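**Q** Summarising the annotation, TrEMBL assigns disulfide bond to 24-40. Annotated domain 'Cupin type-1' per TrEMBL: 54-202, in sequence order. For 89, 99, 104, 109, the entry in TrEMBL reads oxalate binding site. Residues or ranges marked as Mn(2+) binding site in TrEMBL: 102, 104, 109, 148.
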């Protein structure tokens, strides 16, 4: 029994499978291939540029209702990450800006505040709220699958860099999932779940429809 547990333990630590080669630059044009990930570009076609991504160097546009912008450096944007089990995000926050409550179904998240004062919090499966206001250089870890957010509570722009133990962590944004899903989540489901009138649900849906 102990040997069985010891053999299985390393598997529990990995969000993505371990690679079986030095690298596997994703061939995003072959997305129809039924595998958990992406097929590899032929090694003979790989160049140094496949291992470089400049997207996180560019400040995101926060002119939107949330006052935030997320720039993803996952395998879809940076094919060099394929099979390597990690990715990153850049989160730009205007003063008062919010990266709304969301969760990543496939990854734990490690965050570092690069600029500003940012309130970061998550809610556990026991409905316990953990949070802290972080400043430059401080870090916060979000366990896999926990609903969490980042909010700029300072007077200047905020910047957070996040790292994930998955090449494609996924993101389910709570307000968008509930009120902007296609097809629509039935109003009777939302009114019952949130204990509000249908008019309130319709009002919220209209706000997200106008913003989309």
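Glycine too: its Cβ is placed from the backbone N, Cα and C atoms.
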**Q** As a test of reading the model: what is the averaged pLDDT for the domain 'Cupin type-1' (54-202)?
**A** 96
**Q** What are the non-local neighbours of residue 89 (oxalate binding site), defined as same-chain residues 6+ apart in sequence with CB under 8 A from its CB?
**A** 70, 71, 72, 73, 161, 162, 164
**Q** Quick check: of the recorded positions listed here (24, 40, 148), which one has the Cα closest to that of residue 104 (oxalate binding site)?
**A** 148
**Q** Could you give me the DSSP helix, strand and coil counts for the domain 'Cupin type-1' (54-202)?
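**A** Tallying H, G and I as helix, E and B as strand, the rest coil: 25 helix, 57 strand, 67 coil.
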**Q** Around residue 99 (oxalate binding site), how many other C-beta atoms are within 10 angstroms of its C-beta?
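**A** Result for residue 99 (oxalate binding site): 26 neighbouring Cβ atoms inside 10 Å.
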**Q** Do any residues at least six apart in sequence from residue 24 (disulfide bond), in the same chain, have a Cβ closer than 8 Å to its Cβ, and if so which, in order?
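**A** Listed in sequence order, they are 38, 40, 41, 82, 83.
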**Q** Around the oxalate site (89, 99, 104, 109), what further same-chain residues have their C-beta within 8 angstroms of the site's C-beta centre?
**A** 70, 91, 102, 111, 142, 148, 162, 164, 169, 171
**Q** Do you know offhand how many angstrom separate residue 102 (Mn(2+) binding site) and residue 109 (oxalate binding site) by C-alpha?
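**A** Computed Cα spacing between residue 102 (Mn(2+) binding site) and residue 109 (oxalate binding site) is 12 Å.
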**Q** Please report how many Å separate the Cα atom of residue 148 (Mn(2+) binding site) from that of residue 99 (oxalate binding site), as a whole number.
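**A** Checking the Cα atoms of residue 148 (Mn(2+) binding site) and residue 99 (oxalate binding site) gives a distance of 9 Å.
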**Q** Applying a 10 Å Cβ distance cut-off over all chains shown, what neighbour count does residue 102 (Mn(2+) binding site) have?
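**A** So the number of other Cβ atoms within 10 Å of residue 102 (Mn(2+) binding site) is 18.
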**Q** In this structure, which of the binding-site residues 104, 148 has the fewest other Cβ atoms within 10 Å of its Cβ?
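**A** Comparing Cβ neighbour counts within 10 Å for the binding-site residues 104, 148 gives 148.
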**Q** With every protein chain in view, how many other Cβ atoms are within 10 Å of the Cβ of residue 40 (disulfide bond)?
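**A** There are 18 of them.
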